Amino acid sequence: MYTHIMVPVDLAHADRLPRALETAALLGRAAQAKVTYVGVTAETPTGLGHNPDEYADRLAQFAQEQGEQHGITTAARAYASHDPAIDLNDTLLKAADDLEADCIVIASHIPNVADHLWPSHGGAVARRAKASVFVVR
Amino acid sequence: MTDLPDDTGVPAPEGPSDLIDTDYSIGQDNIEGSVGPFGFDIHNPVFAISGLSVVAFVFYALALPEQAEEIFGALRPWLTSTFDWFFLSAANVFVLFCLALIVLPVGKVRLGGTDATPDYSYIGWFAMLFAAGMGIGLMFFGVLEPAYYFGTPWGDEPLGLVRPFDENGNLIAANVDEARRMALAATSFHWALHPWAIYAVVALALALFSYNKGLPLSIRSAFYPLLGERVWGWWGHVIDVIAVFATLFGLATSLGFGATQANAGLEHIYGLPNNVTVQVLLITGITAIALVSVLRGLDGGVKVLSEINMGLAFALLLFVLFAAGAMTILSEFGRGLVAYVQEVVPLSMPFGREDDGYRQGWTAFYWAWWISWSPFVGMFIARVSRGRTVREFVTCVLLIPSLVCIFWMAVFGGAAINDMVANGADSMVKANVIDNYVPELSLFAMLEGLPLSGITSTLGIVLVIVFFVTSSDSGSLVIDTITAGGKIDAPVPQRVFWCIFEGAVAIALLIGGGLGSLQAMVISTGLPFTIVLLIMCWAIYKGLSAEPR
């Protein structure tokens with residue numbers, strides 16, 4: 001059904017991801033699709049790495065662990081952004097195009113009033129992506 | 001956005017750099033949570049102390065305006081007259097230090113690692129440097145300062161300036177050329193190498209310790225070589241809080257004064273009422289546009305506005321250049337540049353001078369002002385300068401903006417002085433700068449002497465307003481980063497908070513009074529920050545020496 005599943009991940013808040021990761025793994029196994037974990041980092045040092053390279057290493061390790069844990073084929077793709085707080089949605093959409101992903105599994109929070117001002121990333125990606133999008137709450 | 005194209009997720013390394021080995025993890029002191037539906041991720045305690053102390057000072061200025069005026073109003077002249085030698089000496093150190101970095105082998109070090117590539121084109125980069133650094137000042141002082149020095153009857157003329165007017169205000173033709181030369185040199189002195197060296201030092205320290213050493217993008221990081229791990233404790237908190245404080249009050253008081261200036265211009269040209277209501281509306285409008293800009297982010301908002309601003313400023317520059325006589329003004333630039341080169345050393349001398357009014361009232365004031373703005377502008381420059389070599393960085397931040405500023409002053413100042421010489425007592429510039437000191441109208445007075453003044457004055461007001469927007473949006477990003485412990489990806493509502501907070505502080509001070517006293521206080525932060533900058537020079541050299549070239 002799907003050949004390439006993209007899973008946006010925020011490694012700083014990996015504790016909020018399990019349901020989305022499980023969903024992606026289920027789909028990946030069922031469709032025998034490759035699952036690529038996409039992360040967006042700042043170019044300045046962050047808590048996840050001194051520079052984008054260290055972040056990319058960490059993301060690759062995360063992808064490998066997911067692959068071993070769920071028995072699926074995984075990869076990782078890191079993007080560095082000038083202003084990740086704002087550029088995130090555009091970067092994820094670009095990643096989906098770059099990867100030619102035909103499915104996106106993205107974790108999102110339960111909608112609240114703030115979404116009227118700042119729509120959730122999951123919602124924004126679902127609205128604009130060409131691929132199928134699973135928004136996991 | 002920079003793509004790291006590699007399917008394995010391990011992109012080509014940016015090249016080796018000398019990372020500092022610290023146990024501190026960025027964001028470890030942060031508190032994450034939400035206020036209602038809005039998330040936050042703030043540094044504890046920098047966010048709270050900065051916010052609360054700003055509120056406390058605003059209340060103080062509003063509750064006891066006379067006392068605040070008395071204390072802070074007296075503080076600034078005391079500082080600039082007592083420590084003028086210190087400000088002048090330190091600024092000279094910064095210029096010499098930057099010039100040395102251009103020629104020393106450490107100039108080869110690349111910010112972000114040996115293989116890093118620049119994030120922005122030269123045009124986008126320069127636009128952001130200028131818009132954040134001094135755009136609004138060029139609009140305000142471009143006419144005022146040269147015209148003022150040329151005709152000042154108040155005894156604060158720069159070193160050796162011969163007065164071109166006699167006691168009755170009549171022109172002394174023989175003195176005109178020399179007075180013009182000195183007025184342009186003395187103005188350029190305040191806008192060229194020295195201020196840009198101040199910005200370059202702060203920006204370089206932040207960029208180096210963040211991109212190459214792996215420390216958070218925060219003022220405190222430059223102190224790691226001196227303080228070691230203590231920089232993550234109270235020492236660092238104090239440094240960051242002062243930086244936030246100076247940035248927020250610097251922006252808010254400038255916004256308040258900017259609104260009164262724009263209002264004066266609107267009254268002058270369109271007859272709009274000049275009152276607090278209009279000024280509050282102006283601040284609200286500027287803040288609203290800045291809000292849209294910060295919500296669109298660095299690339300989609302701040303950079304775009306900066307480029308629009310540069311385009312408009314360039315158009316105005318070209319217009320004044322041709323309307324006032326291109327050949328005359330170009331030769332003015334040549335003479336201004338030569339005069340600057342000839343006079344920069346005598347004007348930089350901290351001792352053995354008799355021009356106290358100029359040296360203390362103008363130069364020391366300017367140096368304190370640039371230094372108090374340096375955490376904000378330096379941090380913003382650092383944010384957009386990754387991928388440049390130190391040599392390229394210093395050359396581009398020091399020499400090119402200096403030349404542009406000298407050119408700007410030659411065009412605007414030259415046109416203003418020509419107006420004073422050609423029209424004598426009928427000169428609008430002279431009427432608004434010398435006869436009656438109405439500084440906010442000086443630019444418009446000069447434009448009135450040229451054709452199409454209705455259009456160009458409107459363009460002038462638009463530029464003043466948009467320059468404020470570009471200061472306000474970049475300032476909000478900087479404050480947000482510092483109060484989030486160096487994170488640039490903190491939740492968006494935070495930068496919205498700072499942008500609105502800054503507008504609110506400006507409105508409160510405008511309505512209640514206290515803009516002047518708090519601006520004086522901000523400038524006073526220039527003294528401790530001068531010491532901070534001197535330490536930064538040492539830290540930069542130490543940091544660069546350890547970098548692979």
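Cβ coordinates come from backbone N, Cα and C, glycine included.
Remember, TrEMBL labels are computer predictions, not curated facts.
Feature annotations, courtesy of TrEMBL:
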TRANSMEM  B:46-65  transmembrane segment
TRANSMEM  B:85-104  transmembrane segment
TRANSMEM  B:125-144  transmembrane segment
TRANSMEM  B:191-211  transmembrane segment
TRANSMEM  B:277-298  transmembrane segment
TRANSMEM  B:310-330  transmembrane segment
TRANSMEM  B:364-382  transmembrane segment
TRANSMEM  B:394-417  transmembrane segment
TRANSMEM  B:450-469  transmembrane segment
TRANSMEM  B:496-515  transmembrane segment
TRANSMEM  B:521-541  transmembrane segment
Candidate ranges B:85-104, B:277-298, B:364-382, B:521-541 - greatest C-beta contact count to the transmembrane segment (B:450-469) (under 8 angstroms):
B:277-298
Taking a Cβ cut-off under 8 Å, which residues six or more beyond the ends of the transmembrane segment (B:310-330) line up next to it in the same chain?
123, 126-127, 130-131, 135, 138, 407-408, 410-412, 414-415, 418, 446-447, 450-452, 456, 459-460, 462-463, 466
Can you tell me which parts of the same chain pack against the transmembrane segment (B:496-515), counting only residues 6+ beyond its ends and a CB-CB cutoff under 8 A?
51, 54, 58, 61-62, 65, 68-69, 248-249, 251-253, 255-257, 259-260, 276, 279-280, 283-284, 286-287, 290-291, 294-295, 472-473, 475-476, 479-480, 483
Sort out for me which stretch, of B:46-65, B:125-144, B:394-417, B:521-541, has the most Cβ pairs below 8 angstroms to the transmembrane segment (B:364-382).
B:521-541
Listed stretch, out of B:46-65, B:85-104, B:125-144, B:394-417, B:521-541, that has the most CB pairs under 8 angstroms to the transmembrane segment (B:191-211):
B:394-417
With the transmembrane segment (B:85-104) as the reference, which stretch in B:125-144, B:394-417, B:521-541 has the largest tally of C-beta pairs below 8 Å?
B:521-541
Maximum Cβ pairs under 8 Å to the transmembrane segment (B:394-417) - stretch from the list B:46-65, B:125-144, B:521-541:
B:125-144
